[in-house]
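Feature table excerpt (TrEMBL):
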BINDING   Ser64, Asp276, Asp278, Asp280  Mg(2+) binding site
BINDING   Glu370, Ala371, Asn372, Arg497, Pro498, Ser499, Gly500, Thr501, Arg506  substrate binding site
DOMAIN    53-99  domain 'Alpha-D-phosphohexomutase alpha/beta/alpha'
DOMAIN    105-166  domain 'Alpha-D-phosphohexomutase alpha/beta/alpha'
DOMAIN    181-283  domain 'Phosphoacetylglucosamine mutase AMG1'
DOMAIN    297-435  domain 'Phosphoacetylglucosamine mutase AMG1'
DOMAIN    452-516  domain 'Alpha-D-phosphohexomutase C-terminal'
Amino acid sequence: MDFEGLKKYSALHPKPAGLTLQYGTAGFRSEAQQLDHIMFRMGMLAVLRSRVTGATIGVMVTASHNPEEDNGVKLVDPLGEMLHPSWEEYATHLANAEDQELQKIVTEICQKAAVNQQKDASVFIGRDTRPSSKELSQAVIDGISVLGGQYHDYGLVTTPQLHYMVCCQNTQGQYGKPTLEGYYQKLSRAFTELIKKSLSSGEAQRQLKIDCANGIGALKLAEMENYFPKEVRIQIYNDGTKEKLNHLCGADFVKVHQKPPKGLDMKPNESCCSFDGDADRIVYYYQDMAGHFHLIDGDKIATLISIFLKELLAKVGQTLKMAVVQTAYANGSSTRYLEETVQVPVHCVKTGVKHLHHKAQEFDVGVYFEANGHGTVLFSKAAESTIRQLAKEEKDGAKREAAVVLENMIDLINQTVGDAISDMLVIEAILAMKGLTLQQWDALYADFPSRLLKVQVADRQVIDTTDAERRAVTPPGLQEKIDALVKKYKLSRAFVRPSGTEDVVRVYAEADTQVRA
């Protein structure tokens, strides 16, 4: 290791005195001006991770749905998944090291993780459209270079696109070509095949208004629009030319405030959806004739996809095991509908995409969505090869047809991570093939009324939970009080949990009426 070079470069990216940050579910996030040293060091960490795995690692510069003044960074592991939990600790350790200890900490990580310094290292970098992102990704490049790594800078891409590129690269192109062109072609080809099969072909165009949160999603959708079949017409709003990123718009705003974003004019019964700032979340919504706003969140997206896939799996006649994975925040009505009506097993895990993703990997087909609209579908290697084989060789026409649809679904879904563009195309294809309107989709079940609050506390760590964060273990007596309250109301449940990202405790309650909730 070139210690002189490390000293010289690290002086260009000094750590502000007294600042400590932790690598959480979403990596590091903070005000952009506090992150220069973090970016430099995450470039270094990506090189070490690449040497250990013998694979390309991704570094994405984004703060997703946070305000424009913020920024953040997350590392992407070889198959496009989130950074391995054991390395989150190294990330936090490296980020908070004082400048003069940097060399020592890097050496320690190399020893603990058995990093072979002689090995080649390769890193892919992507960034969102924030004003601070270009400069911060240059700091990442400095970190990669100082440890002798190779890099490919994709510039402006959505978070899911970078995850996709990393997976393509490390599967030697089996998952697809690691280029934007490759991404657009793979998704649009599968989507076009599915739309062709829709019952209503030759009828009215599918029209969709999309709020892109003034973020990267607008640029990438505009690039991809030429690839869409003419039966689909999208209109892009909040494209970033006039307003600030995520300001009064985007998936998070719509979900939290239960109202349409600024800058999108809604007419009754029009199909609308919103992406978040880095295009890895999506929610749908519409306004009824009486002017009431209806949100279709991640729970209903998971339900629609599950119904569709379950029907196809039944048609191909394979005993593939399918399940839906949710967190405690999923509306109880969706859980009940999935288990009792759709008859798909539902599993609950701790909050955070990595927990959902991990659990979904246990099934042949694992569907997971957080209520906020972040989610995807995972197909096991065995399930995928079975389906592809049936699509080629099955003699029974109806079975083969169902297998072909499933095969196109596999190609359309970004299995590495939740992807707003991919999820939107999946939803549009399913609605077209089932001949469903947004209103009919929304009417599958009615959500139980709920409330979600956050409470400022001196120390969130005094609350400890179990049972996928649905029950409090400490402080003693808290859970008994919650149980007593819940007993008083019909169809009710409630839980408290410490936030994983800020110093607050989150409180969730659900009941048969809004007043009781």
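Glycine is no exception: its Cβ is also placed from the backbone N, Cα and C atoms.
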Drop a 10 Å sphere on every Cβ of the binding-site residues Asp276, Asp278, Asp280, Glu370 and tell me which sphere holds the fewest other Cβ atoms.
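Candidates: the binding-site residues Asp276, Asp278, Asp280, Glu370. Fewest Cβ atoms within 10 Å: Glu370.
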Can you grab the distance from Gly500 (substrate binding site) over to Ser64 (Mg(2+) binding site)? Cα atoms, rounded to a whole Å.
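Approximately 16 Å lies between the Cα of Gly500 (substrate binding site) and that of Ser64 (Mg(2+) binding site).
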Give me the count of other Cβ atoms within 10 A of the Cβ belonging to Pro498 (substrate binding site).
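Its Cβ has 19 other Cβ atoms within 10 Å.
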Could you check the binding-site residues Ser64, Asn372 and say which one's CB has the fewest neighbouring CB atoms inside 10 Å?
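Checked Ser64, Asn372; of these binding-site residues, fewest Cβ neighbours within 10 Å: Asn372.
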Of the listed stretches (53-99, 105-166, 297-435), which one yields the highest count of Cβ-Cβ distances below 8 Å with the domain 'Phosphoacetylglucosamine mutase AMG1' (181-283)?
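Highest pair count goes to 297-435.
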Let me check the 10 A CB neighbour count of Gly500 (substrate binding site). How many other CB atoms are there?
15
Provide the number of Cβ atoms within 10 Å of the Cβ of Arg506 (substrate binding site), excluding the reference atom itself.
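Cβ-Cβ neighbours of Arg506 (substrate binding site) within 10 Å number 21.
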Can you tell me how the residues of the domain 'Phosphoacetylglucosamine mutase AMG1' (181-283) break down into helix, strand and coil by DSSP?
35 helix, 18 strand, 50 coil
Compare the C-alpha of Asp276 (Mg(2+) binding site) with the C-alpha of each of the binding-site residues Glu370, Asn372, Arg506, and give the closest one.
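Closest by Cα distance to Asp276 (Mg(2+) binding site) among the binding-site residues Glu370, Asn372, Arg506: Asn372.
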Compute the C-alpha separation of Arg506 (substrate binding site) from Asp280 (Mg(2+) binding site), stating it in Å without decimals.
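Roughly 23 Å, rounded to the nearest whole number.
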What is the three-state DSSP composition of the domain 'Alpha-D-phosphohexomutase alpha/beta/alpha' (105-166), stated as helix, strand and coil residue counts?
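Per-class counts: 30 helix, 13 strand, 19 coil.
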Give the residue counts of the domain 'Alpha-D-phosphohexomutase C-terminal' (452-516) per reduced DSSP state, in the order helix, strand, coil.
13 helix, 25 strand, 27 coil
Can you give me the average pLDDT across the domain 'Alpha-D-phosphohexomutase alpha/beta/alpha' (105-166), rounded to a whole number?
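Result for the domain 'Alpha-D-phosphohexomutase alpha/beta/alpha' (105-166): average pLDDT 97.
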Around the recorded Mg(2+) site, report the further residues of that chain (criterion: Cβ within 8 Å of the mean position of the Cβ atoms of Ser64, Asp276, Asp278, Asp280; site residues excluded), sequence-ordered.
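Neighbours within 8 Å of the Cβ centroid, excluding Ser64, Asp276, Asp278, Asp280: Thr62, His65, Asp128, Thr158, Thr159, Gly215, Ala251, Phe275, Gly277, Ala279, Arg281, His374, Ala420.
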Quick check for the class: what is the C-alpha distance, in angstrom and rounded, between Asp278 (Mg(2+) binding site) and Glu370 (substrate binding site)?
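If we compare the Cα positions of Asp278 (Mg(2+) binding site) and Glu370 (substrate binding site), the gap is 16 Å.
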